[in-house]
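One structure, pasted below without further comment.
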Amino acid sequence: MAPRKSKAATLDTPRSESSTFSSTLDSSAPSPARNLRRSGRNLLQPASEKDRDHEKRSEVFGRMMGRDDTGQGLRNEKEQEEGVKMAIEGLARMERRLQRATKRQKKQLEEDGIPVPSAVSRPPTVPYHPTPINDAKPEAKKPMLKAHLNNAEGEAEIGADGIVKMETAATNIIEPDLDSQDAPERGAARPPPVNSSYLPLPWKGRLGYACLNTYLRNAKPPIFSSRTCRMASIIDHRYPLQYEDEPEHHLKNKPDKSKKPRDELGHKFVQDLGLANARDIVKMLRWNDKYGIKMFRLSSEMFPFASHPVHGYKLAPFASEVLAEAGRVAAELGHRLTTHPGQFTQLGSPRKEVVDSAIRDLEYHDELLSLLKLPEQQNRDAVMIIHMGGQFGDKAATLERFKKNYARLSQSCKNRLVLENDDVGWTVHDLLPVCEELNIPLVLDYHHHNICFDPAHCREGTLDISDPKLQERIANTWKRKGIKQKMHYSEPCDGTVTPRDRRKHRPRVATLPPCPPDMDLMIEAKDKEQAVFELMRTFKLPGFDKINDMIPCGREDENRPAPPPKGPKKKKVGTSQKRKRAPDEEATELEGVGAGADDVYVAPEGPKEFSEEERAMGGPLNRVYWPLGCEEWLKPKKREVKKGRVPEEGEDGGEYVG
C-alpha cells in the first residue's frame with residue numbers, strides 16, 4: 001500500500017500578486033487528477049477554471065525554464081515561445097495593476113489634503129528633439145526662428161545646443177493605438193490639442209462655419225439650405241395629385257397611385273426642394289455679414305439626389321437664376337463660399353461603381369459653384385474639399401488608383417479639388433507628396449492631425465505641425481494655383497481618450513490654432529455660428545461688441561399674432577349696476593356705473609410686423625448669442641396646459657383636462 005501524502009503536500013502553493021508563475025504542480029500525479037483539487041477536508045473536488053488556468057501557466061513556465069513532465073529539458077520551440085508570450089502578458093497585467101493602485105493612492109492623498117511628491121504626480125519626461133523634415137543630414141539642421149514658436153518678446157527661445165526650446169507638454173510622444181488596453185492611462189498624459197504658445201492676434205483673417213445656422217434654423221418659418229427627402233418620396237411624387245388644381249396636402253390631397261406616373265413630376269418635386277434651399281442662401285449670407293462672419297460652407301444636400309445615377313439631374317437651367325442671385329450677394333459682401341462632398345466620395349476606391357459615383361458627385365458640386373457666377377478670385381477660392389478615403393489594405397496602391405481616377409475629372413473639377421488630412425488613416429505627410437505631384441492644395445485640419453499623425457515626422461499637438469518648413473510646403477500648394485489658403489480647426493469633446501471617441505467635435509472651441517493671423521479658418525463645431533461667436537467674444541475679435549445675449553425662449557425679430565385680450569369683460573353701455581341692499585332699504589340707482597371709459601376693455605396694440613429683410617436678423621439689439629448648453633433659448637417654450645383638479649361628487653368643477 002502506497003504511503004499516504006501529507007495534507008500540506010496536497011495543497012496548492014499560494015500565489016502572490018508580485019509573482020504570477022510562482023507555483024507548480026507535481027508532474028508525477030496521474031493526468032485525471034489534474035482537473036481536480038483537494039479541499040480543506042482532503043476530499044477531491046473539481047478544479048475551478050482559475051485553478052486550471054494557473055496550472056497550465058505554471059506547467060508552461062516550467063517547460064520554458066528547462067524542465068518538462070519527465071525533467072529532461074524543453075520539448076520543442078513552440079512551447080518555449082508560448083511560455084515567453086504568457087510571461088510577458090502576466091508582467092503587463094502586473095504593471096497595469098500597479099499603475100491603477102498608484103492612481104488610487106494619489107487620489108486618496110489629495111482628498112486627505114496630503115501633498116503628493118512630484119515623482120508620484122508626474123513621471124519625469126525625456127527631452128525630445130524632432131527630426132527635421134526632408135533634411136538628408138540631421139546634423140545640418142537649422143533652428144526654427146519663425147513667429148510660430150515665439151516667446152513673450154517675439155523671438156524664439158534657443159538652447160545652448162542650437163535646438164529650439166519646446167513646451168513641457170509637448171515632450172511626451174503619444175502614438176495612436178486603437179487596441180491598447182491601457183489607452184485611458186496613456187490618454188491622461190496626452191498634451192492639450194493646442195500646445196504652442198503662439199496666438200494669431202491681432203486677427204485679420206476670415207472665420208466661417210459649415211452648412212447650418214442654428215439661429216436661423218429655429219426661426220419661424222425656418223431658414224436653412226439642407227431640406228431633403230427620401231428616395232421613396234421622389235418615386236411617390238411621380239403620380240399626379242388627387243386634385244391637380246389644388247395644393248398638395250399630406251392627408252387631403254396626396255399623390256394618387258391609381259393614375260399613370262410621370263417622371264417629370266418626381267423631378268419637379270425634388271427640384272422645388274433644392275430651389276427653396278438655394279433661396280435661403282441670400283438670407284444666411286446677409287445674416288453672416290451683419291455679425292462679421294465672412295466665410296460659409298454650402299451644404300452638399302442643397303439639391304437632394306442631384307448626383308444619383310437614376311434620379312439625378314442637372315442644375316441648369318432651372319436653378320441658374322436663384323444661384324446667380326446668391327453669387328451676386330456673396331460677391332457684393334466679399335464672402336468666401338466652399339463645399340465639402342461627403343465621405344463616400346472616394347477616388348481611390350478599388351470598386352468601379354464607387355469611383356463613378358464619386359466623379360458624378362464632384363461634377364455636381366462643380367456645377368453648383370460655377371452657377372454662382374462669382375468674380376474671378378472668389379471663383380478660384382470656391383473650392384471643394386474631399387478626403388482620400390479608405391486605405392483598402394495598401395496605401396501605395398490606393399494612391400496610384402487616386403492618381404489614375406483624378407485624371408478622369410474635368411479641368412473645372414481639377415481646378416477646385418482640394419485634399420484634407422483625416423482622422424483615420426491619412427496624415428499630412430501621406431498626402432503632401434501627392435498634392436505636390438498633382439498640383440492639388442492641401443487643407444490642414446488641426447483636430448484630425450492630433451488624432452492621426454506620423455510619429456516618424458512629428459508628434460501630437462500643434463507645435464510640431466507648425467514647423468515653418470512644413471507650413472511653407474503646405475502654403476505653396478495653394479500659391480501655385482492662386483487660391484487663398486484655408487485651414488480647419490475643431491477640438492475633441494471633454495473626457496474623451498481613445499481615437500474613436502476623440503473624432504467627435506466639441507460644441508465650441510476654446511482657442512485659436514497657431515495659424516497665420518490672415519488665414520481663412522473654418523470652425524467645425526456642433527454649435528456652428530455660436531462657436532464663432534464664442535471665439536469673437538473670448539479674444540475680442542472684430543465685431544464682438546455687436547453680439548448680445550438672447551432673451552431666453554423669446555425673440556424680438558419674429559412676427560407674432562396679437563395676444564388674447566385680458567382684463568374685465570366688456571359691459572353693455574347704458575346699463576345700470578345695482579348693489580345689494582338691506583330688506584328695509586330702498587333701491588338706489590347708481591348713475592354712471594358701467595358706462596364710463598374705464599369699464600370698457602381696449603385691446604393692446606399688436607406687435608410690429610417685420611419686413612422680410614428684418615425678420616430673424618436679431619432685432620434692433622442684435623440678440624443672437626446663447627450661452628453654451630442653453631439650446632432651449634432658441635425656441636419659445638411650448639404652451640403648457642395646466643391639468644385641472646378632478647371635481648368631487650356634487651361639485652361643478654368644469655371640464656377636466658387629464
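Cβ atoms here come from the backbone N, Cα and C positions, even for glycine.
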What range among 246-272, 489-515 does TrEMBL describe as region 'Disordered'?
489-515
Near the region 'Disordered' (489-515), which residues from the same chain, at least 6 beyond its ends, have a CB less than 8 A from one of its CBs?
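Sequence-remote neighbours of the region 'Disordered' (489-515) are 148, 176, 178, 183-184, 187-188, 190, 193-194, 196, 198-201, 203, 205, 423, 445-447, 450-452, 462, 466, 521-527, 530-531, 534-535, 538-539, 628-629.
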Tally the residues of the region 'Disordered' (489-515) by DSSP class, grouping H, G and I as helix, E and B as strand, and everything else as coil.
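Reading the DSSP string over the region 'Disordered' (489-515) gives 4 helix, 3 strand, 20 coil.
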